[in-house]
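A.B. asks: Quick one: this structure, given as structure tokens, is what I'll be asking you about.
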């Protein structure tokens, strides 16, 4: 999981302080992610069949779509981790920004007949201005109150989308993307591979931005805010501004993710505005491990994968043979995920990312 | 008049949910996402007992409330207590519970709304000052007032109430004085669960049906009420609930749908900016 996993004798838990990395560590830090991206990038050329894991061969549209959605959610989970894991801001309104990206571009091209570049530019603007405004208000308060304010603003967004003002959002049915609105190489079942690469590109961008910000000065201040905000203020650093920065960066990246999600699923659904959608991010991040390099992404992939595949499991023969008492709960993906989540909180508070560290610790 | 009474009825519903949330948060610092689950258990308990056991309305509600209370106590003892003092983990567990619980209800009873058995007298209407008001509004308001008085009497007049109040004020001190706060934790969860389950049963009467997701949507407004009212204050919750209920009804009626919810959030923002501790909180 962690890139330092194979190096004996290095500190693995707490690499907050910048310390001179050995050449080998540095090589691993750069090399492993690059290798992972390379492997993921060539997946659409693979015809390997994994019958139990994927709906078809790896390069079939169904499998690629599933993998691409997993990747988008990995990226989105990483943006949520920037807030929750890195800065300690418990937001319940992250879904708002994903929806913002999706609906802004969708409405711009489908309803307002804007060209795609203009729509994307608009989404970038909206994705910077709205979080800055809402964050400026919400961050006036801390902790649980902040969580509540974000929850409430997101709820307003959700209700707005549901109520379909001016027939723009399509209400409860959602808004399908107009067929000719996006370039041909991004639409159609045959071009799923391109969408997959788009999703992969998004993840790489998110990872790069997060890795860069976290290593920089603001990233260290965020870490300090998470540990002890009062101390940061006492040291004379404006913690409000740093928290706002974290909020805007995370929300902006989530907006971009919303745009990718729009292309991938070919429309915006009001489901991505609900508070349950935000809770899903929280679950992903905690499953994977907060504040770690790979945890959130791992959690995002796992959650999305299980969410999609457990529905298939619920109707499979193995489950159908079980008595009714067992079968009914197992056919609900959220039940399985919820229980898994509780178990994780109890027995593996560091998430999947801490598993490697733990195993090594106990074997010594 | 109808609007005012409907708003009060809605406020009453919010209060029933928010009072428990507020107490739990005030004492245990747990933001209880599973509260929607208690509510749903109450609603489904009432529905199930009247549909399958053939109970009348009042015994069915009692059954639902007992089921909700039992769920709340079990959750506190089995899941919340081992994580004592690790509040973030406690919140996460309740989040997981709310996901799993709602999914479980959905698996058991189906995702579609079920028609709720309403007693005869609750479907009727009464004329108040020339307005025709459905009777269920009075039921909601009456229940909320009874619960408010009961909680206040409990908090002011009994020894356990004293411990709960002291615990909200300063938990460390109470523990240091050798009083077992954990019993009080179970107790507030029981009270909160009972109030939420009652709210669930009454929400069934109010909306005419029960669905698994109902608790979650009501919960969000209850959270807003708790924040506006000030965490840990039952009276604050009552005032805020009435305020939120009225604002939501009046703005939804005179402006477009959806504006009601938006104005509630505006209210929340204003209150938070002016008094970050909420209406009843110590002003910062």
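Cβ atoms here come from the backbone N, Cα and C positions, even for glycine.
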A.B. asks: According to TrEMBL, which of these ranges is transmembrane segment: A:217-236, A:277-296?
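C.D. replies: Going through A:217-236, A:277-296 one by one, TrEMBL flags A:277-296 as transmembrane segment.
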A.B. asks: Under TrEMBL, which of the candidate ranges A:32-52, A:158-178 is annotated transmembrane segment?
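C.D. replies: Result: A:32-52 is the stretch TrEMBL calls transmembrane segment.
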A.B. asks: Apart from its near flanks, which chain residues at least 6 from the ends of the transmembrane segment (A:244-265) lie with a Cβ under 8 angstroms of it?
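C.D. replies: Distal contacts: 65, 68-69, 72, 75-76, 78-80, 82-83, 86-87, 89, 91, 94, 97-106, 120, 123-124, 126-128, 130-132, 135-136, 138-139, 177, 182, 186, 195, 198-199, 202, 205-206, 209-210, 213, 218, 222, 272.
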A.B. asks: How about long-range neighbours of the transmembrane segment (A:115-139): same chain, 6 or more residues beyond its ends, C-beta under 8 Å?
C.D. replies: 89, 93, 96-97, 100-101, 104-105, 108-109, 146, 149-150, 153, 181-183, 240, 243-244, 247-248, 251-252, 255-256, 259
A.B. asks: By a Cβ-Cβ criterion of under 8 Å, what residues six or more beyond either terminus of the transmembrane segment (A:64-83) are in contact with it?
C.D. replies: 40, 43-44, 54-55, 58, 89, 91, 94, 98, 192-193, 195-196, 198-200, 202-203, 205-207, 210, 213-214, 246-247, 249-251, 253-254, 257, 260-261, 264-265, 281-282, 284-285, 288, 290-291, 295-301, 303-305, 308-309
A.B. asks: Go through the chain and flag residues at least 6 beyond the ends of the transmembrane segment (A:334-356) whose CB is under 8 A from any CB in it; none is fine as an answer.
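C.D. replies: Residues packing against the transmembrane segment (A:334-356) from afar: 1-2, 5, 12, 283, 285-290, 292-295, 298-299, 302-303, 306-307, 310.
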